[in-house]
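Notes follow once the structure below has been shown.
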Amino acid sequence: MTMEKTLWQQVQLVRQKSPLVHNITNYVVMNNTANALLAAGASPIMAHAHSEIKEMVNIAHSLVINIGTLDEYWAESMFIAAETANTIHKPWVLDPVGAGATSFRDQILHQLLQFHPTVIRGNASEIIALSKTNKTITKGVDSTAESNDAVDAAQMLVNQYNTIVCISGETDIILSKNQSFHIRNGHPLMTKVTGLGCSASALTGAFIGTIEDKVSGTAAAMSLLGIAGELAVRESKGPGSLQVNLIDKLYNITEEEFTSHLKIERS
Ligand SMILES: Nc1ncnc2c1ncn2[C@@H]1O[C@H](COP(=O)(O)OP(=O)(O)OP(=O)(O)O)[C@@H](O)[C@H]1O
Ligand SMILES: Cc1ncsc1CCO
Ligand SMILES: [Mg+2]
């Protein structure tokens, strides 16, 4: 089977299985993230109360931890969730929003890494900062580096934490121990809608909660968002309509659209 077909089958599998994705994410993107998951066929739940975290991780198919609007209470929620996921082998995604911006973020991220995220998805600045907390170049939550600059940093994270790393940007680069993907879909206007990286992480959660091959699942999730994004841009007047059109495209995308627009290389 071609890679295009395989990844499309995974998109369909998420629609059929409708995985429950437990998100501990930030206040900015909760709504868009839940809508992106629903549009792709998954079932989102946002929950962070300490009293319910363990049960929620147990019933969910996957967990997504996003430190965007971190505070002390939520940090503890994240530790409980990540520890539970690691213990019961539930796949989980770490989105290190704003890594390197403050020592608080870096400290929490360092602790979360000890629970071996299945996938880490961040922009290039965040991945670099995550690997070298002593030399930070993150400026807020937007990337100031290119995906390529972050490859060495990502490789280090892959080896040290036995994880998959996805560096998002103009090219999405997915690295694991034995294979890598470069995906050249998406559109620059996507950086003008808040939280599309967060949606990428959440979709990755839905796919790794459904698909056994976590690297391929990550590639399918990133391909879906990139293609849906570039097709949605064609129907948009600016970031406002893009946000809405992207949700529609995640829901409506056809096999023909997916397979004919996919720009992916595997190595
Ligand atoms: N310059 C670009 N050209 C084409 N597509 C892009 C570009 N930048 C981002 N994208 C698309 O947007 C997606 C989200 O990636 P991005 O790196 O912007 O996330 P992020 O910085 O974490 O965003 P946020 O923190 O706002 O959620 C990428 O996977 C890609 O499809
Ligand atoms: C703008 C912003 N600030 C904290 S989280 C977030 C959403 C993008 O990650
Ligand atoms: Mg981000």
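Backbone N, Cα and C atoms are what each Cβ position is placed from, and that goes for glycine too.
Here's what TrEMBL has on this protein:
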- Met46, Gly195: substrate binding site (BINDING)
- Arg121, Ser168: ATP binding site (BINDING)
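Mapped onto this structure are the features recorded in TrEMBL.
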residue	record	DSSP class
Met46	substrate binding site	strand
Arg121	ATP binding site	strand
Ser168	ATP binding site	strand
Gly195	substrate binding site	coil
With the fewest other Cβ atoms within 10 Å, the residue among the binding-site residues Met46, Arg121, Ser168, Gly195 is Met46
Candidates Met46, Arg121, Ser168 (binding-site residues) with CB under 6 Å from ligand 2, in sequence order, are none
